[in-house]
Amino acid sequence: MQMMTRDVLLEMELEEDDDDDGDIGDVPASKRPLMAPATLPSSLVLENLEQTIVSRFGSLESQQDFRTPEFEEFNGKSDSLFFNDGQRRIDFVLVYEDESRKETNKKGSNEKQRRKRRAYESNLICDGLQLEATRSILDDKLVFVKVHAPWEVLCTYAEIMHIKLPLKPNDLKTRSSAFDNFNWFTKVLQVDESIIKPEQEFFTAPFEKNRMNDFYIQDRDTFFNPATRSRIVYFILSRIKYQVRDNVKKFGINKLVSSGIYKAAFPLHDCNFSSPSEDLSCPNERYLLYREWAHPRSIYKKQPLDLIRKYYGEKIGIYFAWLGYYTQMLLLAAVVGVACFLYGYFNQNNCTWSKEVCDPDIGGKIIMCPQCDKLCPFWKLNITCESSKKLCLFDSFGTLVFAVFMGVWVTLFLEFWKRRQAELEYEWDTVELQQEEQPRPEYEARCTHVVINEITQEEERIPFTTWGKCIRITLCASAVFFWILLIVASVIGIIVYRLSVFIVFSAKLPKNLNGTDPIQKYLTPQMATSITASLISFIIIMILNTIYEKVAIMITNFELPRTQTDYENSLTMKMFLFQFVNYYSSCFYIAFFKGKFVGYPGDPVYWLGKYRNEECDPGGCLLELTTQLIIIMGGKAIWNNIQEVLLPWVMNLIGRCRTVSGAEKKTPRWEQDYHLQPMGKLGLFYEYLEMIIQFGFVTLFVASFPLAPLLALVNNILEIRVDAWKLTTQYRRMMPEKAQDIGAWQPIMQGIAIMAVVTNAMIIAFTSDMIPRLVYYWSFSVPPYGDHPHYTMEGYINNTLSYFNIADFKSKSKENPYTELGDYTTCRYRDFRYPPGHPQEYKHNIYYWHVIAAKLAFIIVMEHIIYSVKFFISYTIPDVSKSTKSKIRREKYLTQKLLHENHLKDMTKNMGVIAERMIAVVDNNLRLKSD
């Protein structure tokens with residue numbers, strides 16, 4: 001096929017343009033970039049994509065070079081994936097609204113949109129694509145433009161994009177599993193191979209047209225699978241130009257869709273999800289995915305990853321592979337977490353310090369000091385009885401064991417995932433993906449500065465100078481830092497709320513525990529403050545998330561990354577930094593700051609010089625941290641499910657109701673897909689973000705809530721099927737994309753894993769009461785500090801509560817205002833200080849310094865032990881298994897050998913032909929001489 005290089009562009013310099021909503025896809029025509037030879041090596045690329053002959057036209061009527069798509073009526077075949085001729089496959093669909101049939105007809109604006117669209121479609125045809133237009137069955141204002149890429153176009157752009165294609169069947173790939181000995185059990189979990197047949201494996205190599213005979217081409221119609229065809233067509237659609245204005249060219253389907261010239265652009269699903277296609281040639285992959293993957297009855301089965309990858313592309317496939325592997329590893333963590341929780345549950349009756357709190361003769365006689373200055377009363381310790389019982393479930397020796405286990409578990413997960421990821425890279429032919437990834441059209445459009453490539457020593461164009469890049473990075477970093485400060489400000493607001501509302505709850509809630517009202521057992525001032533503050537914090541988190549998502553996209557667009565991978569990695573880091581502070585800041589406050597700097601009743605510490613700092617329960621802040629985690633994790637899961645399931649389902653239901661009048665008509669596949677929900681521009685970015693935030697909750701604060709892995713496991717089992725159901729039933733087919741790994745999420749998880757060791761060690765040391773209890777048991781329960789003849793926990797509560805003389809209150813209003821508690825001269829508070837009358841009254845006592853030394857020693861020992869084990873595991877487990885390395889080398893060797901041998905055969909054949917001709921010429925000459 002002869003490629004056409006003549007583009008039709010609209011010259012509209014004297015007209016107002018309503019398409020100036022951004023400058024993506026705009027570049028002065030005089031500064032059009034020539035791509036670096038390393039990126040586009042083919043001279044054909046330079047000729048067809050960059051050195052285009054620009055034709056300018058004064059008015060639409062005088063443009064004789066416009067080429068328009070063929071208009072055809074719908075042929076009544078609702079399952080057809082082909083043009084009306086039944087031969088040309090539909091690779092992409094463009095949808096627009098006919099301006100001549102709009103109800104509100106703005107003549108000038110509509111005419112400009114029509115010009116741009118006609119110019120764009122004409123240039124698509126000039127670039128070799130074939131178009132066919134069909135009006136909507138349900139809404140005659142809509143027009144569907146079906147796009148087909150002929151064989152020559154596919155071959156040309158497959159070479160440009162360095163797409164790997166089959167050379168010959170591969171007989172090396174054999175998949176083995178450690179569970180092969182349990183086939184009788186794992187067979188139940190496997191997808192039935194008679195329904196979803198295993199994909200044939202091939203040796204592959206980047207496609208080259210001049211070596212077409214070397215490739216495994218049995219049928220031209222199936223050599224490029226539908227996902228690859230759609231990817232090639234999208235590559236073309238993203239780079240075709242449609243307008244020049246003020247010497248600036250505009251191009252790309254993304255800009256046309258965002259400006260409303262097209263309503264949508266998408267590849268087609270191959271059939272209905274609920275029933276197979278009537279077309280016998282259709283593979284019915286969507287139906288198989290729904291039946292064996294997305295349907296609730298398949299919840300216990302393994303995912304058909306190869307079919308997911310084939311239908312949706314490697315980027316979707318690697319996400320579900322990672323999510324499935326993460327869920328499998330959570331099973332082990334959940335089992336150990338439940339075991340540790342059950343240990344705390346069954347040892348609850350042996351919790352001596354909780355018994356002392358609940359004992360009327362001990363906790364019922366201990367009068368605690370007020371926790372604020374004006375309205376807070378004196379209170380009895382036993383009103384915290386129920387919270388102390390619940391605390392025994394989580395603050396036990398089992399929690400310490402679980403925290404150490406999770407430090408090792410997260411390392412095992414990350415290391416084994418690297419190995420699994422390397423296997424998928426080999427199986428899915430993405431080992432050398434970086435070499436074939438093309439620059440984003442938005443980046444290409446800005447390449448106006450000429451520099452010398454250090455490697456090739458040839459001229460290439462970049463979007464901005466080094467100084468300009470530094471300015472952009474500085475502005476982007478400043479914007480991200482500003483939003484992080486905004487979150488910190490919201491956290492401070494929550495803290496002020498806690499301090500203010502605690503006073504109200506302390507004055508309003510019951511002061512005594514009489515046992516007649518069950519609410520009194522649970523609704524303490526601390527608990528009421530914690531629950532309401534957690535709910536408000538969750539609402540603020542979700543609001544800030546919604547706003548910052550748009551801001552982060554704007555910042556990343558301004559930063560202008562080169563490739564789509566660079567773009568996603570940059571956006572990932574910005575979003576995660578924000579989400580990290582947004583979700584975890586309140587947990588960090590409760591775990592490491594609340595109740596740590598409160599002073600003592602006679603000399604309290606004030607926040608902002610006005611609000612008295614919060615105190616923890618007598619048992620510590622661990623239970624409050626657990627409550628915060630449950631509310632945020634549970635609320636986030638519920639909110640995400642509403643967004644992911646309910647919202648698209650309701651939107652599709654509304655869309656079906658609007659078209660109910662034409663429900664009895666047969667609608668073509670492209671129109672059915674159009675009425676599905678479009679997938680966002682960022683694809684599965686938010687799915688990754690949701691799981692990584694959950695990963696942080698499971699690892700960073702697991703010492704306070706051993707059941708977190710169990711909740712995450714249940715959520716993820718549902719999440720996999722919900723995401724599968726959403727993709728196969730509620731959304732248009734996503735644009736298939738290549739991906740080598742999970743991108744920036746891998747180093748983020750590694751950072752969380754390292755931080756988790758520190759946070760869990762500090763939670764056990766500073767948030768829980770485990771270290772003070774151990775110090776009391778081994779040192780202060782027996783002489784010389786204690787009075788007991790043997791090691792015991794008896795007397796722990798009395799030993800950890802200091803005395804305060806009521807007469808020493810700075811505010812005289814605190815002289816026992818609640819006479820119903822009796823006439824007392826002292827009250828107790830949570831700290832380790834000398835009593836009144838001591839030479840060093842209200843100074844920290846020897847118990848305090850023993851506890852501090854034990855806490856610091858525990859953190860150092862625990863960190864060093866876990867980090868040593870982590871680094872040992874990382875060193876001993878290679879990122880790529882030996883068998884996978886051997887397979888990669890073997891395949892590369894055989895591929896090179898095959899191509900080299902074929903090349904030699906061609907050369908030998910050509911040389912033989914040349915030699916025969918030379919011999920024939922010599923013979924003819926000799927005969928002529930002899931004659």
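Any Cβ shown, glycine's included, is placed from N, Cα and C.
Database features (TrEMBL):
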COMPBIAS  14-24  compositional bias 'Acidic residues'
DOMAIN    82-305  domain 'Anoctamin dimerisation'
DOMAIN    308-891  domain 'Anoctamin transmembrane'
REGION    14-34  region 'Disordered'
TRANSMEM  319-346  transmembrane segment
TRANSMEM  397-417  transmembrane segment
TRANSMEM  480-507  transmembrane segment
TRANSMEM  527-548  transmembrane segment
TRANSMEM  575-593  transmembrane segment
TRANSMEM  691-714  transmembrane segment
TRANSMEM  742-766  transmembrane segment
TRANSMEM  846-867  transmembrane segment
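Here the listed stretches are 319-346, 480-507, 527-548, 691-714, 742-766, and the one with the most C-beta pairs under 8 angstroms to the transmembrane segment (575-593) is 480-507.
Contacts between the transmembrane segment (397-417) and the transmembrane segment (527-548): absent, as fewer than 3 C-beta pairs lie under 8 angstroms at sequence separation of six or more. Using a Cβ-Cβ cut-off under 8 Å and counting only residues 6 or more beyond its ends in the same chain, the transmembrane segment (319-346) has close neighbours at 302-303, 305, 308, 392-399, 401-402, 405-406, 409, 412-413, 416-417, 420-421, 424, 684, 687-688, 691, 695, 698, 702, 706-710, 712-713, 716-717, 719-720, 723-724, 742.
Listed as Cβ neighbours of the transmembrane segment (480-507) (distance under 8 Å, sequence separation of 6 or more from its ends, same chain) are residues 370-372, 374-377, 525-526, 528-529, 532-533, 536-537, 540, 544, 548, 551-552, 555, 574, 577-578, 581-582, 585-586, 589, 607-608, 611-614.
Mean pLDDT for the domain 'Anoctamin dimerisation' (82-305) in the predicted structure: 83.
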